Amino acid sequence: MRQTADLYCVLGNPIAHSRSPAIHARFAELTGERIRYERRLLPIDGFARGLRDFAAQGGRGCSVTVPFKTEALRCATACSERAQLAGAANTLSLHADGSISADNTDGLGLVADITRNAGIALAGCDVLLVGAGGAAAGVLGPLLHAGVRHITVANRTLAKAQALVQSHSALAALRKTQLKACGLQAPLADFDIIINASASSLAGADVPVPASVLRPASLAYDMMYGPAAQGFLDWARRHGARPRDGLGMLVEQAAEAFWLWRGLRPPSAQVLAELQEAAAKPASGADR
């Protein structure tokens, strides 16, 4: 039995809002693992140095949140296909020989939350992915692997949506999924699942797509959680859709990171249920 707890952290700026320490502490408690998991606020230009300092202190792994996910991938000596395709990493594993492995568990977390926690099969679904930034890039690959029938990436800047689609075109062809890009002003069909990966929730802006994209009982999923997602969820509810925020995605992506680090699958559904039970309390809501 280990006498000292292994050290992990979440790196970001801002970082005070992060629920990751509480989630990983609960995972450790339920699995009997001895870990210490901290928040670490880094200067905007200080990610590489902060990562080196953490490694020098014996750190075993770290979660990475905004704005450092792209830089985290560059700092790694090896990366998963998921991270490479996304162009960003949210999970780093630090090894005894000084090497660093990068992965991106965001999309796995999203797929797990939709399929296991919400009970919705993704195979054969038509999906609208709103946004073409880092959040969208992190989930597009796993959505393709999940066997969806069609994905439309809609973004205010059409060129960004087109670039994201182009970077995933080979995988889409392999998975026999129709994948296309459009601007937010383009006519849109209706969809089984609408995923908001845009910054509209954080900005408090109106939902960037019309209600006509919704089918009866469509899943309307905001990757944010708590107050940040409320406007989108209210919009979905008003139009007869099934609203869901990204709290389950947060827990499930953390569970994937825990498995990468510890080789154990934590009881993520139990931890999510505990967080949902406390959902009536005020919650900040954005990222890892």
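Count begins at 1; order follows the chain as displayed.
Every residue, even glycine, has its Cβ placed from backbone N, Cα and C.
The active site, proton acceptor feature in Swiss-Prot is assigned to K69. Annotation comment: Swiss-Prot describes S18, R19, S20, T65, N90, D106, Y225 as shikimate binding site. Summarising the annotation, Swiss-Prot assigns NADP(+) binding site to E81, G131, A132, G133, G134, A135, N155, R156, T157, L158, A159, K160, M223, G246.
All features noted in Swiss-Prot, drawn onto the structure.
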{"residue": "S18", "record": "shikimate binding site", "DSSP class": "coil"}
{"residue": "T65", "record": "shikimate binding site", "DSSP class": "coil"}
{"residue": "E81", "record": "NADP(+) binding site", "DSSP class": "helix"}
{"residue": "N90", "record": "shikimate binding site", "DSSP class": "coil"}
{"residue": "G134", "record": "NADP(+) binding site", "DSSP class": "helix"}
{"residue": "T157", "record": "NADP(+) binding site", "DSSP class": "coil"}
{"residue": "M223", "record": "NADP(+) binding site", "DSSP class": "coil"}
Legend entry - binding-site residues (S20, T65, N90, T157), the one with most neighbouring Cβ atoms at 10 Å: N90
Inset, instruction - Please name the residue among the binding-site residues A132, A159 whose C-beta has the most neighbouring C-beta atoms within 10 angstroms. - result: A132
Inset, instruction - Using DSSP with the three-state reduction, classify D106 (shikimate binding site) as helix, strand or coil. - result: helix
Inset, instruction - Taking the Cβ of G134 (NADP(+) binding site) as the reference point, list residues of the same chain whose Cβ is under 8 angstroms away and which are at least six residues distant in sequence. - result: V66, K69, T70, A86, G87, A88
Inset, instruction - Within 10 Å of each Cβ, count the other Cβ atoms, then let me know which of the recorded positions R19, K69 comes out lowest. - result: R19
Inset, instruction - Would you give the longest CA-CA distance, in whole angstrom, between residues of S18, R19, S20, T65, N90, D106, Y225, the set recorded as binding shikimate? - result: 18
Inset, instruction - Give the maximum pairwise CA distance in Å, whole number, for the residues E81, G131, A132, G133, G134, A135, N155, R156, T157, L158, A159, K160, M223, G246 listed as binding NADP(+). - result: 28
Legend entry - Spatial neighbour of S18 (shikimate binding site) that is closest, considering only the binding-site residues T157, A159, M223 and their CA atoms: M223
Inset, instruction - Would you kindly give the Cα-Cα distance separating D106 (shikimate binding site) and E81 (NADP(+) binding site), rounded to the nearest Å? - result: 13
Inset, instruction - Count, for each of the binding-site residues E81, D106, the other C-beta atoms lying within 10 angstroms of its own C-beta, and report the residue with the smallest count. - result: E81
Inset, instruction - To the nearest whole angstrom, state the Cα distance for the pair M223 (NADP(+) binding site) and D106 (shikimate binding site). - result: 10
Inset, instruction - Check each residue in the chain of N155 (NADP(+) binding site) that is at least six apart in sequence and keep those whose C-beta is under 8 Å from its C-beta; list them in sequence order. - result: V130, G131, A132, A136, A161, L164, A181, G183, L184, S198
